[in-house]
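Taken from TrEMBL, the feature transmembrane segment covers B:21-45, B:57-73, B:85-106, B:118-137, B:144-162, B:168-185, B:192-210, B:279-300, B:312-339, B:345-366.
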Amino acid sequence: MSRRHQNFRNYRQEQRLTQQRVFAAAIFVLLMAIVLMARLFYLQVVEHELYQTKANDNRVMLVTEPPPRGLIYDRNGLVLADNRPIHSLTVIPERVGSFPKLKKMLSSIIDISDSEWEDFDERRKEYRRPYQSLTLKSQLTDEEWAKVSVDLYKLDGVQVEAQLTRYYPYGEAFAHAIGYVGRITSKDLKRVDKLAYQGALFIGKTGVEGYYEKTLFGEAGLSKVEVNARGRIMSELERQNPTPGKDLHLYLDARLQQYAYDLLGDYTGSVVAIDPTTGGILALVSKPGYDPNLFVRGISVDDYATLRQSKKLPLFNRALRGGYPPASTIKPFMGLAGLEYGFSSWTERYFAKGYYQINPDGRRYRDWKRTGHGWIDLERSIIESVDTYYYQLANKMGITPIHNFLTRFGFGQTNLLDLNGESHGLLPSNEWKKAKYKEPWYPGDSVNVGIGQGFMVATPVQIASATSALASKGHFFYPRMTKLVGDQPAEFEGGLGDEHDIVLKDQRNWDRMIDAMRKVVTDSHGTARRLRGTDYDIAGKTGTGQVFSLQEDEEYDSDKLEKRLHDHALFIGFAPAKNPKISVFAIFENGGSSSKPADLTRALFDAYLHDDYPARYDYLKGNKDD
Amino acid sequence: MTDSFYRRALSFTNARLWKLVHVDVLLMGALLLLICGGLFVLYSASGQNVAMVERQIFRLIIGLLICVALAQLPPKYMRRASPMLFIFIAVLLVGVLLFGVGAKGAQRWLALPGGLRFQPSEIMKIVMPMMIAWYFSDRQLPPSFKQILVVLGLIALPVLMIAKQPDLGTSLLVAVSGVFVLFLAGLGWRYILGAAALAPIAGYTLWQFMHDYQRQRVLTFLNPESDPLGSGWNIIQSKTAIGSGGIYGKGFLEGTQAQLDFLPESHTDFIIAVLAEEFGMLGCGVLILAYLLVIARGLYIAANAEDNYARLLAGSLTLTFFVYMFVNIGMVSGILPVVGVPLPLVSYGGTSIITIMATFGILMSIQTHKRAR
């Protein structure tokens with residue numbers, strides 16, 4: 001058989017050799033089989049729990065269902081913040097064959113901006129669960145929706161999803177009061193439950209929307225579903241329905257709000273109206289406003305730049321954060337302070353020259369009336385707004401009693417119960433000046449504060465709260481936006497408490513001061529005598545706040561000054577004087593004369609007290625059903 | 001021990017009749033056990049696709065027919081045909097490189113008239129050990145250094161051609177089937193240890209020859225988490241399926257990884273993960289045991305074969321079968337890189353079933369054509 005070595009071959013030995021090798025191989029096979037079993041043991045016994053969790057994470061998905069957001073109503077049942085269905089174009093990236101192709105096809109159907117694509121591409125690259133849809137373009141117009149729907153069958157992975165979005169029907173006049181919702185940022189997610197907001201489109205940012213975010217949001221529905229690898233839901237394992245957000249019923253009167261906004265005309269400024277019997281805010285106006293709908297699904301860079309760069313600062317909430325000298329509107333409070341601490345009385349008379357001097361040779365603090373007012377008393381000092389009276393009163397009192405007394409009216413502190421972002425203003429004190437300027441408090445500093453100027457700064461909300469407290473004779477309500485949450489009276493957090501009483505040593509002083517303020521309107525020398533002729537009593541006080549400091553002997557001449565340096569025009573008032581239902585603070589920035597805010601206030605009183613608004617506001621009437 | 005076990009088992013069967021039709025009962029029994037279990041798993045892995053199971057049964061029947069047919073052919077004819085077959089298939093491999101068709105950047109098939117396709121590299125898995133065994137059949141064992149070099153050359157030629165298609169998995173298996181012959185022929189232990197020492201260098205050289213997608217597979221194997229949604233997905237999901245199965249499994253058709261499609265290639269390369277998920281470590285143990293029965297019988301046949309050619313061929317074919325199983329389970333369980341090796345006789349798919357059943361036909365022929373002593 002074999003050709004070579006035939007005689008030398010030992011077949012048996014060769015067979016044994018191969019058999020030995022087969023045996024060695026058998027042992028090798030056995031060892032390797034043990035290796036496999038050991039590996040399976042490791043995965044299936046040692047690491048079993050880890051992989052079981054992984055398998056469950058794969059198959060079980062938590063799907064959150066955003067609850068419908070609570071609506072916001074004004075006092076007459078008018079919807080100020082509504083939910084509207086919108087359609088968004090969403091894409092499941094895993095189902096898309098080729099993105100360049102998709103881009104080309106989609107752009108032939110509807111407009112999708114570069115920034116929308118960029119945004120989408122960015123989110124697509126982030127880690128996320130496979131087969132989850134991503135929004136490419138939100139808020140399709142009806143036309144876009146129709147166009148895309150026709151071609152949807154051609155577009156793999158593209159779908160149109162219906163969602164609820166927020167809508168503010170009445171726009172800019174309400175923006176600073178209601179606020180707005182906007183896209184959820186990573187910063188927002190730090191303060192809320194991430195899971196609950198999964199699938200939510202937006203979160204309350206400012207105003208009532210921001211403050212009541214939790215209440216308005218409700219509770220997200222949660223369902224545990226079993227999905228396959230392509231994200232398809234195979235079965236529902238558990239389900240918890242969403243709890244809709246609670247509706248808010250505000251004190252706000254939409255007609256009053258819009259009317260006040262319109263009455264400001266082309267001026268920038270603010271109006272805050274409060275019901276003195278409840279502390280409820282009837283109007284909270286900061287002009288100019290902006291369209292809050294711009295923010296709902298993310299404002300465009302251009303729109304935002306326009307708002308940011310406008311000299312009129314539309315994004316600035318003047319009502320909450322505007323710092324103004326209260327000017328002569330502080331005088332009724334200053335007068336009460338003098339009475340409280342015994343530095344003035346209703347009977348004591350004072351000769352008012354055209355100026356006041358602390359020392360005979362010192363600086364002359366001028367009265368608005370060059371010729372002076374002659375012999376006057378406290379009441380007349382209110383009626384005619386005599387500056388020199390308050391110069392001397394403040395100088396006599398010094399800053400500490402002023403500080404203590406005005407603190408009781410909410411100056412120098414935040415007062416709003418249910419809006420964020422309010423500023424403290426500035427109610428100066430000895431300590432404050434020492435800390436800030438490392439200088440003692442000078443008598444001249446008090447003199448300026450006496451007429452609500454100098455260091456003193458107050459916000460419209462503060463002055464309005466103080467006015468409301470005066471109107472209700474010392475019943476200080478912290479102002480609030482919301483009357484009802486759902487069908488329950490609103491409850492407020494924080495240590496402030498809802499209200500407190502300012503009790504004067506002589507409570508009769510309230511009536512006397514209110515009467516003096518009534519005479520501001522009725523007296524023939526009253527600074528607001530232009531408001532005479534109402535069938536109800538108005539108590540009020542005018543004010544003009546200096547924007548621009550005049551030199552000692554300089555005359556204020558509005559014609560020579562740029563408009564932005566014109567005095568701010570202020571007015572506080574409430575009506576009916578005896579039993580007030582509404583108190584108002586109004587400021588026209590650089591409005592010059594206080595006639596403008598006085599007229600505005602009267603118009604609001606007329607409308608509110610008689611429920612008689614111009615017909616053009618009928619659309620804001622609501623359907624008062626309670 | 002195994003020896004006496006088989007002897008005793010054999011005495012219960014009608015040995016003569018089976019010898020007449022050249023079927024080795026024990027090997028056939030072990031194979032059928034494996035095949036039936038495999039079909040059971042395939043039913044679940046395919047998403048209870050009866051049509052798919054039927055197609056698999058059809059292929060298995062063809063495979064069994066080929067097995068029995070080959071068993072009729074005495075080994076001596078095989079031995080004589082070996083060099084010609086080797087040359088013929090090698091020429092076809094050249095043809096594949098020149099005129100081959102295929103998909104995914106690899107050309108592995110030759111198109112035959114009538115729309116049929118033919119994969120010469122698959123046949124090479126059998127022809128390679130035949131060739132090397134033939135080479136040693138009339139030479140004295142153990143092989144000399146010169147003979148070793150010749151054999152390595154014979155192995156390298158087709159292996160490189162297959163690697164060039166490119167089909168790394170098959171080329172490695174073909175190489176292994178040749179090297180096993182060398183080992184069984186008594187390759188000196190010093191060569192074996194030397195080769196083991198040189199393995200890192202060989203690995204580096206291999207890396208240089210690899211295509212990007214092949215390198216990617218290796219990289220993914222080393223760190224599957226690096227690309228959890230891309231190429232690492234398969235291995236992460238298969239490990240999850242196996243691990244979550246635990247000792248007893250989740251129950252037939254209850255595997256969430258497999259039934260909800262998280263497990264990719266669940267009816268082909270990754271089918272063991274379905275078994276592991278639904279029947280746990282116990283199920284896997286039974287399957288591996290079934291494989292070991294087949295392999296034990298194969299090695300028994302090799303050890304007791306009549307001549308060098310038969311011994312070497314039977315041993316190499318059996319060991320290569322084991323390598324299939326080991327590489328597949330190793331890859332699915334994450335101890336080996338993902339190379340496209342199906343689980344023999346269990347994974348869904350045509351070509352490999354035919355070649356493997358042909359392998360067992362050869363083993364049966366070797367066992368049943370022995371002259372009585």
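The count begins at 1 with the first shown residue.
Placed from the backbone N, Cα and C atoms, the Cβ positions cover glycine too.
Those TrEMBL annotations? Automatic predictions, nothing curated.
Tertiary neighbourhood of the transmembrane segment (B:21-45): same-chain residues 6, 9-10, 13, 15, 52-53, 56-57, 60, 68, 71-72, 252-253, 255, 258-259, 266-267, 271, 274-275, 278, 286-287, 290-291, 293-294, 297-298, 301, 343, 345-348, 360, 363-365, 367-369, selected by CB-CB distance under 8 Å and a gap of 6+ residues from either end. Away from its own ends, the transmembrane segment (B:279-300) comes close to residues 2-3, 6, 24, 26-27, 30-31, 33-34, 37, 245-250, 252, 272, 314-315, 317-319, 321-322, 325, 329, 346, 360, 363 of its chain (Cβ-Cβ under 8 Å, at least six residues beyond either end).
Counted over residue pairs separated by six or more positions, the transmembrane segment (B:57-73) shares fewer than 3 Cβ pairs under 8 angstroms with the transmembrane segment (B:168-185), which leaves the two as not touching.
Remote same-chain residues near the transmembrane segment (B:118-137) are listed as 78-79, 82-83, 85-86, 89-90, 92-93, 95-96, 108-112, 143, 147, 150-151, 154-155, 158, 162, 165, 167, 170-171, 173-174, 177-178, 180-182, 185, 307-310, 312-313, 316-317, 320, 351-352, 354-355, 358-359, 362 (criterion: CB distance under 8 Å, separation of at least six residues from the stretch ends).
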